[in-house]
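Enquirer: Got a structure for you, written out below as structure tokens; questions coming shortly.
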Amino acid sequence: MFLNNIRKGLVCLFLVSLSISLSAQSDKELGGLSYKVKQTNDWVFYSPQNPEIQIIVKNTRNDAAKATLNLQVTTDDFKPVHRFAQSLSLSKGDSIEADFSFSVPAPGFYRCTVTQEVDGVVNEVKKFNIGYEPEYIVSLPDNKPDLRKFWDESLAELAKVAPEYKLTLIPDSSTNLRKLYKVSMKSFGGVEISGYYCTPVKKGKYPAIISYMGYGSKPWSPKPNDNPGFVEFVLSVRGQGLQQPTNIYGDWITYGMQSKEDYYYRGAFMDLVRAIDFVASRPEVNTKNIFAEGGSQGGAFTMAACALDHRISAAAPFIPFLSDYPDYFKIVHWPGDAVKAALAKQSSISETQLYDMLSYFDIKNLAGWIKCPIIMASGLQDEVCPPHTNFSGYNRISTEKEYIINPTYGHDVPPSWWNIRMEFFKKHMK
């Protein structure tokens with residue numbers, strides 16, 4: 001159930017004198033006071049526990065020290081929630097722990113700013129995000145009634161385009177385990193797209209992983225000596241990756257935004273399906289085990305592919321892009337600023353019409369169509385694809401799903417993610 005968004009839990013604030021040696025590197029040292037914000041609960045909290053920020057302060061000076069410790073809490077779109085101030089007085093060598101416990105108005109992600117004030121001079125100690133009940137974040141769908149019709153018609157148009165698959169062996173990058181090919185094919189509107197395809201040398205039926213790339217990523221290929229039991233295909237959608245040298249779209253996020261029919265991501269989303277067509281056509285692929293993955297734009301692509309084509313068996317999007325545009329543009333500057341700047345340069349559509357158009361390409365609105373198991377990774381400190389937008393789509397998925405929030409990561413994932421997602425795929429092999 002959705003948690004009461006005006007719940008007023010007890011707000012606690014206290015100081016305890018401690019003899020603490022800082023076990024980890026301090027976040028900041030200011031005027032002889034060393035500060036360390038503890039990673040309590042990995043900074044993600046679940047009811048009935050209130051968010052709690054614990055800060056260890058140590059006096060490293062040769063005399064007593066006084067300061068005011070401030071904590072400001074806002075929503076992720078910068079609306080004020082709490083402001084706390086606590087006076088500190090520490091003898092030489094002393095340490096204390098300041099514990100700020102507070103309620104928040106609703107499930108979501110919140111910005112915390114810790115500062116030190118001495119004689120009216122304020123210095124920042126640390127800025128970081130926390131989460132509260134992320135699975136209960138509600139971002140209502142804003143799709144138009146013809147959303148399904150629009151995508152069904154787009155898929156029907158794609159199906160009329162003969163793919164004309166062409167594979168070119170890359171001998172210098174092939175080994176006795178797997179061969180690497182450059183692949184080209186025709187997609188929606190007759191546009192040529194391409195990618196790198198790696199397949200085991202030994203004859204057989206293999207599971208396949210389709211990797212969708214991030215926004216503006218440089219092209220990369222699977223390593224032939226890795227994952228010898230898998231087929232892998234890394235797709236470059238229109239105008240990106242391998243196609244970027246001949247990109248005709250300019251800034252992809254703003255191209256064709258005057259209409260849903262002409263918007264860049266209509267063709268790009270169809271490229272995702274064409275990649276599945278290609279992989280499913282290969283005789284060495286076990287079509288019961290086609291998996292998808294990708295990060296950032298590739299994470300959005302992964303979720304869109306699963307929504308639009310149910311041949312995907314399981315998927316692992318991370319730090320996904322392109323979700324919940326109205327909130328997204330309030331939380332971080334990019335890509336909202338770029339889209340609004342492009343909007344200001346033309347007069348054919350209004351801001352309302354812009355959001356109506358974007359709703360057709362909003363992962364939040366497509367996620368309910370996903371039928372395969374999903375594992376998603378999110379970066380709690382992500383200022384490119386903020387976690388609120390990740391969960392706006394994730395929470396609309398009704399199939400088997402799980403998530404990982406990496407508390408100290410921004411727009412990235414830790415090295416452990418690659419093994420986690422591979423084990424997830426193996427778990428869902430048929």
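Any Cβ shown, glycine's included, is placed from N, Cα and C.
As annotated by TrEMBL, signal peptide applies to 1-24. The domain 'Acetyl xylan esterase' annotation in TrEMBL covers 144-428. Annotation source TrEMBL lists substrate binding site at Tyr215. The active site, nucleophile annotation in TrEMBL covers Ser296. For Asp382, His411, the entry in TrEMBL reads active site, charge relay system.
Just tell me what is around each of these and how deep it sits.
Expert: Around the Cβ of Tyr215 (substrate binding site), the same chain contributes Gln240, Trp252, Ile253, Ser296, Gln297, Phe321, each under 8 angstroms and 6 or more positions distant in sequence. Reduced to three states, the DSSP call for Tyr215 (substrate binding site) is coil.
Ser296 (active site, nucleophile) falls within neither a helix nor a strand when secondary structure is assigned with DSSP, and so counts as coil.
Less than 8 angstroms from the CB of Asp382 (active site, charge relay system) sit Ile319, Asn390, Tyr409, Gly410, His411, each of them six or more residues away in the same chain.
There are 17 other Cβ atoms within 10 Å of the Cβ belonging to His411 (active site, charge relay system).
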Enquirer: Within 10 Å of the Cβ of Ser296 (active site, nucleophile), how many other Cβ atoms are there?
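Expert: Looking across every protein chain shown, the total is 24.
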